[in-house]
Amino acid sequence: MAQKQKCVAMLLAGGKGSRLSALTKNLAKPAVPFGGKYRIIDFTLSNCANSGIETVGILTQYQPLELHNYIGIGNAWDLDRVSGGVTVLPPYAESSGVKWYTGTASAIYQNLNYLSQYEPEYVLILSGDHIYKMDYSKMLDYHIEKEADVSISVIEVPWDEASRFGIMNTNEEMEIVEFEEKPQFPRSNLASMGIYIFNWAILKEYLEMDARNPESSNDFGKDVLPLLLDEGKKLMAYPFEGYWKDVGTVKSLWEANMDLLRDETSLNLNDRDWRIYSVNPNEPPQYIAEKAKVEESLINEGCVIEGDVKHSVLFQGVTVEEGSMVIDSVVMPGAKIGKNVVIERAIVGSEMVIEDGTIIRPEKNVDDVVLIAEGK
């Protein structure tokens with residue numbers, strides 16, 4: 001029998017991330033590189049470690065190999081524990097065949113046995129594809145104080161963007177009275193962040209109920225949460241005010257990387273009290289040549305810079321040759337940029353080779369972002 005845990009986290013990391021185009025052709029979205037040395041999933045795993053959540057089940061499905069290799073036994077996030085720690089939970093085969101996860105609720109339902117072994121009081125459900133720093137222990141305290149059945153973390157979004165999100169309509173006490181999935185005419189701008197805390201008994205009961213319903217799409221937002229509301233359960237909205245970014249598109253991924261270069265950013269990677277952990281790439285120090293010029297940029301280990309880099313994020317092992325300019329761009333691990341190249345407002349994928357004299361910038365709309373990656 002596993003050691004009893006007060007709260008167990010379940011991290012949904014099986015997303016395809018199709019809006020990221022070629023970046024996720026052979027890679028699960030949570031494994032996409034971010035911020036010069038991280039992967040998207042590092043933020044959620046680091047939040048767990050910093051919040052004192054010591055038992056994390058990671059549910060994978062789409063293109064899982066590189067993500068599995070990256071996570072390993074969880075030692076990068078201090079989650080390699082004798083009891084608990086990180087457990088990767090891909091779909092598994094039964095006598096009737098492989099049981100694929102058909103939705104977010106289905107993924108958790110198929111792993112109820114994993115949760116049961118810990119006899120948790122609470123289950124924290126997370127998404128592995130957002131960029132943010134959050135103390136989950138404060139949300140758990142709120143959930144307990146409010147005597148909620150379910151608590152959902154929400155963030156205020158601009159009204160003109162509210163129709164892109166699952167929106168929570170609440171009363172004055174922040175109790176959720178209605179949940180609307182991407183409403184055309186939203187009545188609130190409190191968007192669900194896809195972070196839920198359930199009382200374990202409630203979660204188990206309603207996932208089993210959802211699984212028995214042949215009409216259900218087995219999704220928390222579309223099926224389980226509306227059912228809980230219909231049956232009068234107490235759902236509380238937990239307001240979050242920090243930095244949070246859904247990096248589900250090429251442009252939003254680029255924007256989040258550019259946010260790291262601001263003088264005043266609420267996503268401070270230098271915060272010693274809330275570190276973001278990652279797997280060390282074991283590269284040599286970066287080299288900046290005498291004639292190179294670097295301004296307002298994040299340059300990671302193993303880079304060789306002989307040209308100009310301005311307001312950009314370069315991952316490990318990137319080469320920028322003489323006469324080249326990289327401006328307002330993100331260059332992913334191992335990319336080689338030849339001589340006299342101009343790259344502006346672009347994301348260059350991992351291991352890409354940009355030939356001498358190439359010019360890459362938005363052609364029509366100057367606000368666009370260009371993606372150069374395998375398969376494009």
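Keep in mind that glycine also has a Cβ here, set from the backbone N, Cα and C atoms.
Swiss-Prot names Y101, G166, E181, K182 as alpha-D-glucose 1-phosphate ligands; from the candidate set S188, S192, the record adds S192 to that same site.
Sequence-distant neighbours of Y101 (alpha-D-glucose 1-phosphate binding site) (same chain, 6+ apart, CB under 8 A from its CB) are G14, L59, Q61, P91, A107, Q110.
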